[in-house]
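Undergrad: Take a look at the following structure, please.
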Amino acid sequence: MSLEEKEMKYRISDIARELQVSPQEVLHFVKQEGAKVASTSSMVKSDMRELILGHFSDEKRLVDQTRKIREEKRQRLTRLEEQSRKTYEKEQQLKDSIAVFPEPGPVLKKDHVHEEPEKPAIVISESEPEVEPEVEPEQPAAAQEAEEAVPTEAVSVPEPVEQERVVPAPEKPEAEKPVPEQSSTMKAQASPEMQVTYEKPKNIGGLTVLGSIDVRSALDRGSESDRKKKNRKKRFKEQADELKGEFENAGKAEGDKKPAKSGEAKTKAPKKAAGTTGSAAEDTTSSKKKKGGKKKKPAVDEKVISQNIRSTISGMDDSSGGSGSRQKFRKMRKIEREKELEAAEAVKEAERSIVRVTEFATAHELADLMGITAKEIIQRCFTLGKFVTINQRLDKETIELVALEFGFEAEFVSEVEATEVFEVHDDSEDLEIRPPVVTIMGHVDHGKTSLLDYIRSSNVVAGESGGITQHIGAYEVTLDNGRSITFLDTPGHEAFTAMRARGAQVTDIVILVVAADDSVMPQTIEAINHSKAANVPIVVAINKIDKPEANPEKIRAQLSEAGVLVEDWGGEYQCQEISAKQGMGMHELMEKVLMEAEIRELKANFSREANSRGIIVESELDKGKGVISTVLVQRGFLKVGDPFVAGNTMGRVRALMDERGRRIKEAGPSQPVRVLGFEDLPQSGDEFVVMPTDKEAREIAQKRQIIRREHEFRRSTRVKLDSIARQIKEGLMKELSVIIKADTDGSIQALADGLMKIHNEEVKVQIIHQGVGQITETDVLLAAASDAIIIGFRVRPNVNAKRLAEKEDLDVRFYSVIYHVIEEIEQALEGMLSPELHEESLGSLEIRQVFRVPKIGNVGGCYMLEGKIFRDSKVRLLREGVQIYDGVLDSLKRFKDDVKEVDAGYECGLNLKGYGDIKVGDIVEAYRIVEKKRKL
């Protein structure tokens, strides 16, 4: 045994799986052998593995036998498949070798037989014959049927010559073994150099032609029907096999019997009279006819044979002219289809190996996703040392481990992705040009809303508190040329980062507004990063160029440093100088926006039957109307009465309003609309999807709520447990508890993000509760119980809540500008900070003489070198530069009088509290401690 084998280790569970025995049995045996193992996941060395295999040799032998049987079955199936494939290839070769017959001659009637029919003789010509255009019409019926049944190459019939002799028929080719012997044309085909000639000797009995059947007309009638034609093609192979078997049976039955038709006797004559003359062959034929006249005909259904012949000829006529190339094309198509199916199967197999699951899924849910039973999940968890039940929720690590055990890869998704409604695939013919969605971004007070005011010919700024945009405004504007543009006006304050990110996700084009009298600010850089991350084109608008201090070139230079090189400087970003107040350059800016939209070819499905989809831009709670959300429609038409699901909530559209509050009946793609009818407040950025029924919408919303609730519960529990040690360690961490109530969901998110950034190692903001709507009694009671302050952003308390807050003496603050909220919370947190202590030097003294005073101790006679010393000052005694005392004065005197202070240049006497070892030459420094307010 090599060193590598000795070092190899094996997992007990893998060995048990190989032997197909219980892992617990293997673990029990290993422990009996004295090995120290903890569980079935423990590793053992190769020598222990050999002991296990030897102990469970019977089980291993049974497993080996089972595998051997499976292998034999697999090989047998492989051989059968190979034989089937070879048989199919031979049949295809046989079909390819079949050629098309010339137009068949008239078929003879067999009802009325003349006593002395004319019998054509078969002779072989050695000289080159002249080719006649047609075969003799008096060809016997039996030979005609045989020729139709077995199509071969067309045979030319030459004129008879003087010297003729009969030769024996050559051996048939191997590929034509199933063809009946009575076909004279097949014998002629076996030797290409020989040509068959039919003679009509006089005074020879045979059949008399009394009529004919028009086979071509019957075939034409059959080919006129497309349905029958397709059915014949499908049955082509089956009919050929059936026809071949019937003729073989007929040939065997006629071997010992007299031929029923004179044509059959003529085909047998050359074989039996080999080397004789034609007359001898004729005598033999006539004698056979006399002997076998009373025998019965072979049991062959002539009607079935005739129908099969016609069907076969019809199928060959349809595929005539390039049948070989058509067969090759079919084979190529079949191979291509097989390759496509294999590729699709490989993709499906790869997709099947990935399990998209939410965190904290139950064992039953995980089993359904992997296509196994929950019992198997529980058993595998048991072998891994985890005890779970069917409805127990598994953590992330357990889900990954169990998925790997069953050959799957776990991919964790959110509750919205896990309950994805349906994927939308619109056909290109259903898509139409839609208006572009343009988001206006930039720094605070750079003129974003003023730009939109000029476009809308309205005054949005007047409606915003402090002239600062604090909501995402969605507006639809129709230009002078009839084109429509949807504008999203985002806040520029740093607290609204999430709002700007949402605006970049749903937009098509970004107008980046930069003030020409200012510079590129941090929020400008942030807007550029949001746009680039969302892969959205940027059109730069340099505003306020009408001001005398405007410097557009400086703005272009700063933008190039930020990665936005405008077209004027050879870049790819369009740029326009404007004045939102005066309207300068506005027309050119709109043209550039429309040109950018045409380049991107923005399209959407305008079908009224398509399920509508959109994005929640903003949400708010109205006292009289309830939850109102601004939805940007992206697909289809949103109509009143449509059931929908949005995030974790659902509802039915009760009313639709435009941005000016006017009621509308429907809203199409790229149109912003205010929707009434939500059960709960959705979050900004949630997807809005119209569902077929209320029941389906409610089921999806409930599933998402359950998953979200479980996530929050598990996460909060884990945070609390993890934070116990941290809280014990920190001990003196101070928190400012707040309750936030605002008018919209976006404002709440902005406030929460801004407040959570205000913290340090000593103080922080703890948001206990946040919600949309007015301040209620519940909020006041919660604030009283948790000793929190209430922040109302653009909302007020109701009468009962106001009375209760006064009774509880709670601090309730109201704001309408986000700046003021953040500033005051910062001040409150700074007041909670411990002040910083600074030392301020007051002066220094030199001890020039030491006096001994009874009951007091040593008193130093000092001279004030600089500064000033006070009675309550702290002092520090230095001897040769080394501090030997730090304390306070016990007394300060000038002559015999106590004084409060002594200035520089004066003498004084002092003694130190609790210290008397003073010497001449020591220096006394006077100082005091000053408290300084700390800043965050």
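Any Cβ shown, glycine's included, is placed from N, Cα and C.
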Undergrad: Ranges 92-96, 467-471, 522-526: which does Swiss-Prot label region 'G2'?
TA: 467-471
Undergrad: Which range, 442-449, 618-625, does Swiss-Prot list as region 'G1'?
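TA: Within the set 442-449, 618-625, Swiss-Prot attaches region 'G1' to 442-449.
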Undergrad: Examine the ranges 543-546, 671-674, 711-714, 823-826 and name the one recorded by Swiss-Prot as region 'G4'.
TA: 543-546
Undergrad: Tell me which range among 57-60, 337-340, 489-492, 693-696 Swiss-Prot lists as region 'G3'.
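TA: It is 489-492 that Swiss-Prot describes as region 'G3'.
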Undergrad: By DSSP, what is the split of the region 'G4' (543-546) into helix, strand and coil residues?
TA: 0 helix, 1 strand, 3 coil
Undergrad: Looking only at the region 'G1' (442-449), what are its DSSP counts of helix, strand and coil residues?
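TA: Tallied per class, the region 'G1' (442-449) gives 2 helix, 1 strand, 5 coil.
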